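Novice: Sharing a structure here in structure tokens format.
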């Protein structure tokens, strides 16, 4: 059954599959398996019994197993409708089949070992232009090359609205009739800005080139002629046969032809594709497994693969192999995807199907910033001034006869020219220097993140890294965090932590009691990796007198589907399991002396305290998500039959024969384990009478029903295990702090619900006083809203209740339109078993409904029965989505289980669609890439699941706990710095440039500039830049320790309180007020004055206004800076020093003589500053600009502080107003008892074991077919297969 990413080949009964797909390794045939819909009435859904060899009737069972173990039987290839129960509704299945029929046409043809044929295949591009259909295996992620860098970077730069605007102004400045400012005032900053951005893009692209070169030059062995030769990945072509060894990375999507494993199995690790670390297996077709056993046969292999064209579907593949006039169906179970790593397989061989960029990937494009509002404002002001000049031109000409030469054209022409003149004059209102400085500020804050030693993870030598330099301020505004679970919140390392045997709990010994040397040295099979030490338990085990202890460890050594490999010798055993839980349990039993040695199709061998015992396997009832348990029926060496079962406590306790003191003690132990957020598992045992087994043997399907019913009554509860899925250090504290920061945390995982909820409690995302809403409760709440059409999802109604949502991908697919409209994002990988309820399920549903009704009444929500009419919901799809997102946004935590990588991205997009918030996604695996790219900010953890998440992220961290410092310290500081920088920059720009508008009323709207041209050029570059650069880089309102200690302060960024439209207009108004004071106070004082102390002439007046403006904005920056240091003082002195030096230089006599029109202000500043009366005017202007603002801020701070204290008193202590009616302890799905049964995401290897596929030896390819050198063995020699145990 398709239950997880990159799973084993799917059975034809598990969903829509193409044409007569032969049973692969995951199929169990149809005679030995009984399940709902395929057996007699009364069979319990989801449960299947797989018979081992001993139970076969003579001849029949073996033939059936042989028939099942032949994947790839020849025959005509065709599609057929799905059979049996499915994992989705029939409608969704039908839609997916129709969609796949449209997109799965066999348009891709590959012929093995024939590069000439494959290279001649062409595809139509446009009209008569055709190109090669098959791509090379070269990967190119870089954007530029040597020749395209300059044109492409200029093209990208001038896609920005601001750059286009500046380019237009520079062009207008080159027209003499329109120019009102010197050409260099904008041209020089423009060149500087383009150079900085081009250098940054070049540096990023050089890194991409290095990465591409490293990947393309990886070595691999390609069949060239009659031998395998070492080549590079970039030399691979479609149709090549490739040899891969253990731990090799698959260089391209390829069809598995053969391997050295039995039945040509190949084990792969797919962390770089789906993020899962448990091993998956792929299997070659039987025909290639049997025929391609030598290099000569591989060199003569001329099969043709016809399949679907390259696409982004990672878990579906449809095709066929045509060879020797026969056709063999192919599916995803025969395909090795690029990026997989070969594990536990010495050698395998594959045929390249897709190469290079034709693989299955996709990328997202960034958005561009917008400056339309400011640009429109400048245009409107220019229009107003231009029309004013047109209306007043005649009157101004009559009063001032000497300007008549400027108005020789018509009024309309003059108005048109004046518009462009004012547009040039006011272009500095959109300061190009702001873009230049912002580049340095963003870069500087990114460097500070890289330099933060408090975010350095020493264990793996991973420092924090900002891969994006333009998202620092977003880190201070995050409202939602979407996190992966495995490897992100947890270490993805499972350890045996505690156990309860016969009612007694055995935990790890204290540090003082622990032995100094390894206590398992007596066991020659011990691997030395078990960290669990309990001296009392070890004595009981070695004494071998306690039957319960003996059966406990025996069960762990027998009841599993783990495969064993003797890798380095008799005592070096290597286990491979379908889940890390099973491996941890079997490893614990191994260290305690119950060593799983080997297995065959019918037996399992265990070394029990030095004694080798062989058990005959009669049946394996594998785990699935409905049974929540696994059972093994074995015949012991003594001849008795025993049934060993392990599973969730919710199903084991219901099947106990009796309940005594041991059972109640075990229940208490389980509750204690759950409180410690350990993953618990119950173990039970029953002796099976010989007559029951004899009755079962001849009647396969009916007897399987009987055995299942008998399995409900377990004779003895052996105990329970507790496995710790260790959280990363500091995760609970980090989540607690982030929740105080008003950040909503959603966990999106492909794991099971029990596991995800267990981790939710462990990391304190969930708590016992939370009301956890699951699918039925959510559906009823939403339908109540849809039916009553009354919005109960208000903050007031839900403010007193701590809610949490726990949902899965199937529920999201049925509910959300955005997911349902994406056929490839449906629950392809979600394990949804048959609609069947365990005993007492209806009783628990009643209790859930009762508790839900109490909850509704507590905050006034009318409880309506579930609606039977779906027509209304179909007409209000947007309402469904919006209502669900509103409900989820009011929850303290949301956990989405069993979601695919694409569903993760769509959930993030859904929140962004209905809530204007900044989203952050964090993950460590390739299955998190879509989510990371969709979120506003992507954070990749450099963990154990590859580097794809890191390579697609904006920020890189070594541990989840560093996210707290990244957001609350660096993010908050960056947001505060950028906000202050923008506010101050707009203020100082308006304070200086609005003077040009006031001056226009006195120069007849002639667009004549007031300031010296060099003052306009250097004002935003030198005179007022360094202090604002200091604000953007070093400003701190509080220290890092205070930021972490007061996470409530982070809310300021979420509400965007420091820079919004209101703050922007305040800055503009403040700047306009300063310009009014500087201009009109100077004008009023200088009115009708004359003599040496007068400054009524144009140049002196301009100098006084300019100096007043510069000193006013300098005083403002002194007032707003909170973090004072020597560097701050130096920046202020440097800015004033630049003004003195540059003004003295541009007003000197030497430059005036060289270019009097370019340097007209000869000694203007010297003459003005030499008059004390004029200095008093400057001091008056600065005082009028500073003192009122300072007084208003002091008053405002006092009022805000008083208001905050009043609100704090009125609010008082918060109390929970909601309590949940306790549920009887028997029903362990209450929040006080959490079943944390955590097996694999899918069924284990039981089918392969019982079929013998994983164990059978045959004409497979030997691992000696190639060696590390390029010379293979004798091409004609038939190589002996590798023995397997």
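A Cβ is built for glycine as well, from the same backbone N, Cα and C atoms used for every other residue.
The shown structure was predicted, so the numbers you read here are calculated from the model rather than taken from an experiment.
Okay, so TrEMBL annotates it like this:
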{"type": "ACT_SITE", "residues": "484", "note": "active site, 4-aspartylphosphate intermediate"}
{"type": "BINDING", "residues": "484, 486, 924, 928", "note": "Mg(2+) binding site"}
{"type": "BINDING", "residues": "484, 485, 486, 582, 623, 646, 679, 749, 750, 751, 898, 904, 927, 928", "note": "ATP binding site"}
{"type": "COMPBIAS", "residues": "93-102", "note": "compositional bias 'Basic and acidic residues'"}
{"type": "DOMAIN", "residues": "110-185", "note": "domain 'P-type ATPase N-terminal'"}
{"type": "DOMAIN", "residues": "950-1200", "note": "domain 'P-type ATPase C-terminal'"}
{"type": "REGION", "residues": "1-102", "note": "region 'Disordered'"}
{"type": "REGION", "residues": "1259-1285", "note": "region 'Disordered'"}
{"type": "TRANSMEM", "residues": "181-199", "note": "transmembrane segment"}
{"type": "TRANSMEM", "residues": "371-396", "note": "transmembrane segment"}
{"type": "TRANSMEM", "residues": "416-437", "note": "transmembrane segment"}
{"type": "TRANSMEM", "residues": "981-1001", "note": "transmembrane segment"}
{"type": "TRANSMEM", "residues": "1013-1033", "note": "transmembrane segment"}
{"type": "TRANSMEM", "residues": "1061-1087", "note": "transmembrane segment"}
{"type": "TRANSMEM", "residues": "1099-1121", "note": "transmembrane segment"}
{"type": "TRANSMEM", "residues": "1128-1152", "note": "transmembrane segment"}
{"type": "TRANSMEM", "residues": "1172-1196", "note": "transmembrane segment"}
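Help me understand the surroundings of these features in the structure.
Specialist: Around residue 484 (active site, 4-aspartylphosphate intermediate), taking its Cβ as the centre, 29 other Cβ atoms fall within 10 Å, counting all chains.
Model confidence over the domain 'P-type ATPase N-terminal' (110-185) stands at 80, taken as the mean pLDDT rounded to a whole number.
Counting only same-chain residues 6+ beyond the ends of the transmembrane segment (416-437), those with a CB under 8 A from a CB of the stretch are 162, 165-166, 169, 172-173, 175, 177-181, 185-186, 189-190, 192-193, 196, 371, 374-375, 377-379, 381-383, 385-386, 389-390, 409, 981-982, 985, 989-990, 993, 996-997, 1000, 1005-1007, 1009, 1016, 1019-1021, 1025, 1028-1029, 1032.
Remote same-chain residues near the transmembrane segment (981-1001) are listed as 381, 385, 388-389, 422, 425-426, 428-429, 431, 434, 437-438, 441, 1007-1011, 1019-1020, 1024, 1028, 1031-1032, 1058-1059, 1063-1064, 1066-1068, 1070-1072, 1074-1076, 1078-1080, 1105-1106, 1109-1110, 1112-1113, 1116-1117, 1120 (criterion: CB distance under 8 Å, separation of at least six residues from the stretch ends).
With a cut-off of 8 Å between Cβ atoms, the residues of this chain six or more beyond the transmembrane segment (1013-1033) that come close are 181-182, 184-185, 188-189, 428, 431-434, 437-438, 440-441, 444-445, 977-978, 980-981, 984-985, 988-989, 992, 1106, 1110, 1113-1114, 1117, 1120-1121, 1127-1128, 1131-1132, 1134-1135, 1138-1139, 1142-1143, 1146, 1158-1159, 1161.
Non-local neighbours of the transmembrane segment (1099-1121) in the same chain are 980, 984, 987-988, 991-992, 995, 1010-1012, 1015, 1019, 1023-1024, 1027-1028, 1030-1031, 1035, 1074-1075, 1078-1079, 1082-1083, 1086, 1128, 1132, 1135-1136, 1139, 1160-1161, 1164-1165, 1167-1168, 1174, 1177-1178, 1181-1182, 1185-1186, 1189-1190, 1193; each lies 6+ residues outside the stretch with a CB under 8 Å from one of its CB atoms.
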Novice: Just give me the nearest neighbour of residue 484 (active site, 4-aspartylphosphate intermediate) among the binding-site residues 679, 898, 928, Cα to Cα.
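Specialist: Nearest listed residue in space: 928.
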Novice: Give the residue counts of the domain 'P-type ATPase N-terminal' (110-185) per reduced DSSP state, in the order helix, strand, coil.
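Specialist: Going through the domain 'P-type ATPase N-terminal' (110-185) residue by residue, I get 29 helix, 11 strand, 36 coil.
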Novice: If we check Cα distances from residue 486 (Mg(2+) binding site), which of the binding-site residues 623, 679, 750 wins as closest?
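Specialist: Minimum Cα distance from residue 486 (Mg(2+) binding site) across 623, 679, 750 lands on 750.
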Novice: Express the distance between the Cα positions of residue 898 (ATP binding site) and residue 928 (Mg(2+) binding site) as a whole number of Å.
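Specialist: Spelling it out, the Cα of residue 898 (ATP binding site) and the Cα of residue 928 (Mg(2+) binding site) are 13 Å apart.
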Novice: Taking a Cβ cut-off under 8 Å, which residues six or more beyond the ends of the transmembrane segment (1061-1087) line up next to it in the same chain?
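Specialist: Residues packing against the transmembrane segment (1061-1087) from afar: 979, 982-984, 986-995, 998-999, 1002, 1094-1096, 1101, 1104-1105, 1108-1109, 1112-1113, 1177, 1180-1181, 1184-1185, 1189.
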Novice: Record lists 484, 485, 486, 582, 623, 646, 679, 749, 750, 751, 898, 904, 927, 928 as binding ATP; longest Cα-Cα distance in Å?
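Specialist: So the maximum pairwise Cα distance among the ATP binders is 32 Å.
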Novice: Which whole-number value in Å describes the distance between the Cα atoms of residue 928 (Mg(2+) binding site) and residue 750 (ATP binding site)?
Specialist: 10
Novice: Could you state the CA-to-CA distance between residue 623 (ATP binding site) and residue 924 (Mg(2+) binding site) to the nearest Å?
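Specialist: With the alpha carbons as reference points, the distance is 28 Å.
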Novice: Pick from 924, 928: which of these binding-site residues has the biggest number of other Cβ atoms within 10 Å of its Cβ?
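Specialist: The largest 10 Å Cβ neighbour count belongs to 928.
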Novice: Distance check, please: Cα of residue 750 (ATP binding site) against Cα of residue 924 (Mg(2+) binding site), rounded to an integer number of angstrom.
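Specialist: If we compare the Cα positions of residue 750 (ATP binding site) and residue 924 (Mg(2+) binding site), the gap is 13 Å.
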